[in-house]
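Here is what TrEMBL says about this protein:
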type	residues	note
COMPBIAS	59-68	compositional bias 'Basic and acidic residues'
COMPBIAS	71-91	compositional bias 'Basic residues'
COMPBIAS	92-102	compositional bias 'Basic and acidic residues'
DOMAIN	4-62	domain 'Tudor'
REGION	59-102	region 'Disordered'
TRANSMEM	216-238	transmembrane segment
TRANSMEM	265-284	transmembrane segment
TRANSMEM	305-324	transmembrane segment
TRANSMEM	336-353	transmembrane segment
TRANSMEM	464-484	transmembrane segment
TRANSMEM	490-509	transmembrane segment
TRANSMEM	529-551	transmembrane segment
TRANSMEM	571-590	transmembrane segment
Amino acid sequence: MPSRKYDIGDTVMGRWPGSSLYYEVKVKAFNPSTQLYTVKYVDGTELELKEADIKRSQLFKSKREGSRSKSPSRRRSRSRSPGRPVRRSTSRGRDPKKEKESKIYDVLEVKLSPLPKSVINNANVQYEKKISTNNEVSSEVFHKVEVGQYEEKQKAVTITAQNKVEALPEIDRADVRYNLRPRKEDNDKVSESFERNVEEVTMKSVRKSKTAELEFGGRIGAFIMIFVLPVIVFLLLVTCAKKDPSIYNFPPSLPAFSTLWDSQVFGIVGLWLLFQVFLHLLPVGKVVDGLPLESGKKLKYRTNGFYAILVCAVMVGAAVFYGIDFTYVHDHFLQFASSAFIFSVLLSLYLYIRSRWASKDELAPNGNSGNLFYDFFIGHELNPRVKSLDLKYFCELRPGLIGWVLINFSMALAEMKEQNIEYPSLAMILVNAFQLIYVLDALWNEEAILTTMDIVHDGFGYMLAFGDLVWVPFVYSLQAYYLVNHPNQLSWPFGAVIIILNGTGYLVFRKANSQKNVFRRNPHDPRVAHLKTISTATGKSLLVSGMWGFVRHPNYLGDIIMALAWSLPCGFSHILPYFYVLYFTCLLVHREARDEHQCRKKYGSAWDEYCRQVRYRIIPGIY
């Protein structure tokens, strides 16, 4: 086994991926299996580098002392660290040719630093035209300089550089403390191109290696959760069906096998999934681009979920009109849950088997550990597709979410039948209405899910397949299932309070998600361009005003408020209906911890500054 050349804690010079620039870094860790060093740059960014991309600091010192070459490539090797601002020399008596080269070099380095807002506002229209006209030439020459072919474009870039140098004043050091890119007021084309290139380089460096940091308890935790999650679902459903679902009667006696399996129910679930696939593939609704993948490619997604639920509503209404009894869902609820579980396992097995032939660029960054059970649980492939059908995107919003609404509707009919009442109770109406609004909102804003962690970061495996097909429709409908056999006489004043609570949570949830989605897709959009941001070394910015300046995860706060409003109509006789809000709070706290860890590793010192400005995590007043 080869020995490593650099020790943990060594301060060396590391090459910035995708360029010939070397910056001072500190060795944080070494992975013997991949032979990669984890290094930390001065701005806090952590990346994994090969040994060939790391050099001793003394080598650079000796070169700097022994050579004064005018070669652009040598000048670049003495480049500043990522976090330091650009300074232009004011010394006199220099060689004219060398001084001209220095000006050009400074202008090119300015592309890595933002300009103060006041500078851009005072710039004249003529200067802005020059920037946009010469941007293409300048960008091309910048690339040539990187590969040592500076002389070929020297004449063209000199004209561009002189125009820019005259208009660029001195840059304030404090304004570039966390930046490696221009502010949004700078030239849009240069900014967007630079952000995209830096993000692609960073993601490639991370995704090429094996997953080192395991979540959910690692290999053992993933193995246990594969079996524990379905047990939790069936225990909840069996307990909820009892006349006295108190914790004193827990755990319930195991049901007979006949109550868990029915071939007719299995066929109905299969037809439901195929019907949703058919609706999804219809050429209805707009086609949108997802976020850039590691390769720079953007996948296409058809957003027609709202049309799908409208079609389902019409068909359900027609079925009720012709006398089809939807209380059948309530009477065979355990069998429906068993059938959905079987389909989720079959889908998970298919996903893992097909992922063994996927290329490295198609693998998920957190599901590439090499352990069978962990990768099976987390998801080995990021965006598995069967032709135009994106399996993860389809399952996230279609069969489980629309099925949740259909289950709630059947529970309302079952309550009327079991309690011998003409209309559903106020508690059942509120639960159905609140959750229907939530689902309609998700399908109406279907495009927003393309920027979430589930789509961008997590692979598609057992965790999401089981969650989408089993956990969401059968656990999230627990309140409606509970009210069928345990009615609660809800007063109108208390009902009004619950409505206000749910409305508040929804407004916080929707406003926060809308700001996040718009900002991730286009930071210059007029709807979010006025918000304050902190720039990061990856080229992206962090929102520190609006809803995202209130707490770090306002969307999670809105979710928790709504979850409480969904449980309150069930009264306070038993804790079972509150399982959802308790579980959901734990889920969001865990996800917030995952977000914090990933963001701190990705954004470095910029994330520390963000945490100083936005102190509260999910709940105001709680750090």
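Just so you know, glycine gets a Cβ as well, placed from its N, Cα and C.
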Contact ranking winner - 265-284, 336-353, 464-484, 490-509, 529-551 against the transmembrane segment (571-590), Cβ under 8 Å: 464-484
Dominant neighbour of the transmembrane segment (464-484) in 216-238, 265-284, 336-353, 529-551, by Cβ pairs under 8 Å: 336-353
Helix, strand and coil residues within the domain 'Tudor' (4-62) as assigned by DSSP: 9 helix, 28 strand, 22 coil
Maximum Cβ pairs under 8 Å to the transmembrane segment (336-353) - stretch from the list 216-238, 265-284, 490-509, 529-551: 265-284
Beyond the flanks of the transmembrane segment (216-238) by at least 6 residues, Cβ under 8 Å: 250-252, 254-255, 260, 333-334, 337, 341, 369, 371, 373-374, 376-378, 462-463, 466, 470-471, 474-475, 478, 481, 576, 579
Cβ contacts under 8 Å made by the transmembrane segment (490-509) with residues that lie 6+ beyond its boundaries: 425-427, 430, 434, 437-438, 441, 547, 554-555, 557-566, 568-569, 571
Average pLDDT across the domain 'Tudor' (4-62), rounded to a whole number: 81
